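Participant: Below, the features straight out of TrEMBL:
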COMPBIAS  344-358  compositional bias 'Low complexity'
DOMAIN    209-338  domain 'GGDEF'
REGION    329-358  region 'Disordered'
TRANSMEM  18-36  transmembrane segment
TRANSMEM  42-62  transmembrane segment
TRANSMEM  69-87  transmembrane segment
TRANSMEM  99-117  transmembrane segment
TRANSMEM  124-143  transmembrane segment
TRANSMEM  155-173  transmembrane segment
Amino acid sequence: MPPAPLRPEDLPTRITRLYFRVLVPLLVGIVCWTMLTHPVSVPTLAFAGLLLLIAAAHQLLAPRWEWPLRLVATGAQVVYVLALALFGEQLGVRGNGQALSIVLLIAPMTVLAWSLLFSDHPRVGRVFSLALSLAATLLVRHWDNVNAQPEPGTAPLLLVVCLGTALFGWAVVRLQRRLLLGERDARRDPLTGLLNRRAFEEADAGPILPGVLAVLDIDHFKRVNDRHGHEAGDRVLRAVADVLLDTVAGCGEVYRWGGEEFVVCLPDTCAVGAPALLERVRREVAGRSFAAGQHVTLSIGLSRYGRGRPRRAAFASADAALRVAKDTGRDRMVAAPESPDLLPGAEAGAEEGPSPAG
């Protein structure tokens, strides 16, 4: 089954997962690698252990802890680097060539990671990225001052690289969010906010759970446009969409198929009550007043999908049942011949609804 489309609100969670599962262990691994050639101070080991503990907590705790863990992990790294810059000798950390190489490698990489990590709170990300850039620059400058062979241009160069990396990361995040928003909008009907036909086709591309599909059409909708104008027609479409969303909320998916036609997909968990739910929609719409007192009604066709029968096939059957509902008086619900059980007591292809109203 194809993966679900990535939503903009999903991006921070995925990046956070990548950060704690990959980048934090990589950082700790670099610390462990240095232990093979140089002694590592106790504060550095404690810092590495703290990062691993935070990464483990991210795996074990509920999602609501994700934001505090992000703050703790990033804040701890800024504090540690700043402490090395101010009290490195007291902490037993000296700026040898290997330590300098590690800082020059890790600082820009971390700044880039934080630009992505705080894509949902960019101002917080900028503060942490700037703080780490300044702390790392201060650390390298301090090491230059105490080194027998200083490299005076290293600290300014590191600051420029970190800030440039941060700007690049922020630009990537903005571009990614725009792409995701555009992709999400491509699956939505701009007038009603409902899912559109493209979203329906994508959902039908892979295995799906069995359920009930309904095709709904607003009766005599052209009259609304002709008598009251297209703006009034748009208000009717939005109002019907609101009724569908309010009634089907948490139970299924609602699509605007095109024009005045809608599609509702209800999984098996709601399929037993599907006819009653859709009848409630029909009655609610019929009882409302639209466009200067104009009343509209719905005709509905029902069918089943799943167990080897795609939604597309169910749509064709439900659409045929909808035409029967139209031909027999409108403002009614008709089940497809292969799904007579959807309307108990009715014959296959027969309707359920009021007397023909014209």
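We number each residue from 1, going along the chain as drawn.
Glycine is no exception: its Cβ is also placed from the backbone N, Cα and C atoms.
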Participant: Quick test of the contact rule: Cβ under 8 Å, at least six residues beyond the ends. What residues does that give for the transmembrane segment (155-173)?
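Facilitator: Apart from its flanks, the transmembrane segment (155-173) reaches 103-104, 107-109, 111-116, 119, 122, 125-126, 129-130, 132-134, 136-138, 140-141, 144.
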Participant: Take the transmembrane segment (42-62) and find every residue of the same chain, 6 or more past its ends, with a Cβ under 8 Å from one of its Cβ atoms.
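Facilitator: Sequence-remote neighbours of the transmembrane segment (42-62) are 16-17, 20-21, 24-25, 27-28, 31-32, 69, 72-73, 76-77, 80, 83, 91-93.
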Participant: With DSSP helix as H/G/I and strand as E/B, how many residues of the domain 'GGDEF' (209-338) fall in helix, strand and coil?
Facilitator: 61 helix, 36 strand, 33 coil
Participant: Just to confirm my parser: what is the rounded mean pLDDT across the domain 'GGDEF' (209-338)?
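Facilitator: Mean pLDDT, the domain 'GGDEF' (209-338): 90.
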